[in-house]
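Now, the feature entries from TrEMBL:
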- A:12-32: transmembrane segment (TRANSMEM)
- A:38-60: transmembrane segment (TRANSMEM)
- A:72-96: transmembrane segment (TRANSMEM)
- A:126-144: transmembrane segment (TRANSMEM)
- A:151-172: transmembrane segment (TRANSMEM)
- A:192-214: transmembrane segment (TRANSMEM)
- A:226-245: transmembrane segment (TRANSMEM)
- A:295-323: transmembrane segment (TRANSMEM)
- A:343-365: transmembrane segment (TRANSMEM)
- A:377-399: transmembrane segment (TRANSMEM)
- A:405-425: transmembrane segment (TRANSMEM)
Protein chains: 2
Amino acid sequence: MHNIKLKPTQVLVIGFATIILTGGLLLNLPIASQNGESVGFINALFTATSAVCVTGLSVVDTGTYWTVFGKTVILFLIQIGGLGFMTLATMFFIILGKKISLKERLIIQEAFNQSTLAGLVRFSKYVLIVTFAVEGLGALFLSLRFVPQYGLIIGIAYSIFHSVSAFCNAGFDLIGNGKNLMPYVSDPIVSLTVSFLIIIGGIGFSVITDVFTNRKLKKLSLHTKMALLITALLLTIGTVGFMVLEWRNPNTLGNLTLGGKFLSGFFQSVTVRTAGFNTVDFAQMRTASKLLAIILMYIGGSPASTAGGIKTTTLGVILFTIISVIKGKSETELFRKRISRDIVNRAITIAIIGIFLIISVTMVLSITDSQFDFMEILFEVVSAFGTVGLTLGITPLLSALGKTLLIFMMFSGRVGILTIAFALARQQHKYKGNIKYPEGKILVG
Amino acid sequence: MHNIKLKPTQVLVIGFATIILTGGLLLNLPIASQNGESVGFINALFTATSAVCVTGLSVVDTGTYWTVFGKTVILFLIQIGGLGFMTLATMFFIILGKKISLKERLIIQEAFNQSTLAGLVRFSKYVLIVTFAVEGLGALFLSLRFVPQYGLIIGIAYSIFHSVSAFCNAGFDLIGNGKNLMPYVSDPIVSLTVSFLIIIGGIGFSVITDVFTNRKLKKLSLHTKMALLITALLLTIGTVGFMVLEWRNPNTLGNLTLGGKFLSGFFQSVTVRTAGFNTVDFAQMRTASKLLAIILMYIGGSPASTAGGIKTTTLGVILFTIISVIKGKSETELFRKRISRDIVNRAITIAIIGIFLIISVTMVLSITDSQFDFMEILFEVVSAFGTVGLTLGITPLLSALGKTLLIFMMFSGRVGILTIAFALARQQHKYKGNIKYPEGKILVG
Ligand SMILES: [K+]
Ligand SMILES: [K+]
């Protein structure tokens, strides 16, 4: 790998792909399945992708289908995916005492979307410490419910598993029979603990570090302010939206108390943005709620986190650009800072390619899997892109081509559209400043 | 109006609204309906909006419901909408020999999206001459089919009506019983004449003038090149797309000859972008084709034309921005010209607000008119926004609130999102260059 000249983005894409492929080969072995027969390569690859990309979509029932070996492989893949394989690589380097080369730093930098090289090793350490601390605290809270319910050993195991799955935004559960967390729809301990684990895991390690280090609002970076603002905005819109739209739906929130409605609205608004747990059945929701879920899944969480989607800050940059245009300003301004044209253009590119991918894949799936509804397919595709893992129930029934396309969507959503685009682009992505063309005019709208 | 200080964009919005309201009041009169009873204000307003915004969506059957008076009002409204009421205003000024003030020029400039004041009167004259010349030629070709079929008088009347309706991208037809142009699915004379009228009407007067004046590709403006490029691209994608997707569908293209398949694929790809005629039933199409139609309706035609949607050049600017980002360039470049940040930002704003409006209205309609399918509602909303006029059949059955929202969508699609936004914005849209904030960094994607 040191002889072939690879771009950092290419190393990243190949690295992720290699881990997924390895996982797929292991899950394809007969010893991974309870029935002693191979699950079939496309199903094995789908499960491995879903785990590494912390999506949670499943073609078979995780709890009953796989053997202990299979479940162990899946858990490993989730852990690698959640922490990011680059953190693990960094950790190995530290443990082995090897000095990290500039090139290796560049790759890590690309993976974490960090804009300075300095302190990347320190940052990776932070990631590990924060991860284990938060997951431990989450497991502690969950054990308050799970230990009385399942006994000491299983209760603790469940607490740890769901805490990790929530923080990594993986959305895998052990409750079984597709019930997910529905039994806990009105339970504040489980609902709120899982919600906060998801939010912290999905807001990005750089934001956590920034808040933890600076503490005062004024000292926070622009990125942190933006991520927090958009996250708060989306949580509010989601909570109010699901509550209002599902208020009288007897199959979802209709029969809950006022507190239960709020708790459930909040939980669904948190989980839909990338985690993929659910305490109500999304298939029973009204069309408007499904549409709201689709939008929130598309946006996803924040960069350099365990989340998928186009990311909160991408949306934020676009929103503030629109506000600037309407106010008649040439530049995107927010919090008394200018946003460079490069960043605005990157944000548009991510958002539009995301929409393009979703529409294209939905179109193909509507042909290859024509027995399903337009809404069912669209929901599934966006869920894969946002690495959410929610489904209206069609995942196990998809065709081989349908599964392959969803594998591609999960991969794009997790690795990032621009990372893939840069990896595929012929030139290195730096500005060739030699030619400066004259300005041309175009009427738009 | 000369005493109150109004922005040009506000005059434009109020002007369009006044014409629609006047039309609505006239159509609301009992003498407009064959049954002697008022059609009801919301239906009258819907019809007036559909006519002025050259959409073609109808809550009642145009051919059988209205009296001669009603039909005359509708025809007038189409004509005003198609030419743009500003052209008419200019024409009146010329006829009356009045000198046009700077402010009036500014309003016209805004209406035609022209970037220089010079020659606006001349431009308006061009618009009228081109309109009548092309419509006359179109009627001549159509009479080759309609005169033998309907006799001399009705044949000529039909030829003129459909030529005007096609050039203005209005999509109204006299064939009756909701058949639209389906009887002519394999007829090259009608299909091709109507197609070319739609294309010329939808490509924008400034492009027509530019091509007509400069003739050579090299001398064409950047705007013209972009509009032609994207139009050609969309027509190709649409034609190939509809042909491939509907090839074996017995309810659409399945039973046609190879030539018929091509003609029909081409016609649908032309009409779906803003005209709203159809020679096959869109309700019978496959989901993937409906989705393709939705995308093409959303994009629409070119600026300063009779088309709706976000416009071809808006899409073009965004596409070239994405290409520049992937190539690692800071600025949007095409045809050896740079595109200013202002134009790129305007393009994003139009595209994103368009998507936002479509999703919001679809969401509300899925509640107020919940008996309809998600696809039926989405199709209808995008059709209104693109002032296309195609429907999967739900227009007459919509609730009053549903109709009101579609009125708003047609208005937005025709007047332009940015025009409305600027009209509503408190400040005048010019850059306040005093404060220059320091640049901030944000991670996107
Ligand atoms: K997930
Ligand atoms: K139309």
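Each residue, glycine too, has its Cβ placed from N, Cα and C.
Contact between the transmembrane segment (A:38-60) and the transmembrane segment (A:377-399) is supported by 3 or more Cβ pairs under 8 Å, counting only residues 6 or more apart in sequence. With Cβ pairs under 8 Å as the measure, the transmembrane segment (A:192-214) is packed most heavily against A:295-323, out of A:151-172, A:295-323, A:377-399.
Sequence-distant contacts of the transmembrane segment (A:226-245) (same chain, six or more residues past either end, CB-CB distance under 8 Å): 199, 202-204, 207, 211, 220, 253, 261-262, 264-266, 268-270, 272-273, 285-286, 288-289, 292, 296, 299, 301-303, 312-313, 315-317, 319, 334-335. Long-range neighbours of the transmembrane segment (A:405-425) within the same chain, counting only residues 6 or more positions beyond its ends whose Cβ lies under 8 Å from a Cβ of the stretch, are 7, 9-10, 12-13, 16-17, 20, 45-46, 49-50, 52-55, 57, 81, 110, 113, 300, 308-310, 346, 349-350, 353-354, 357-358, 361, 364-365, 380-381, 384-387, 395, 398.
If one looks beyond the transmembrane segment (A:151-172) by at least 6 residues along the same chain, the residues whose Cβ comes under 8 Å of a Cβ in the stretch are 51, 54-56, 62, 74, 78-79, 81-83, 131, 134-136, 138-140, 142-143, 193-194, 197-198, 200-202, 271, 274-277, 301, 305-308, 387-390.
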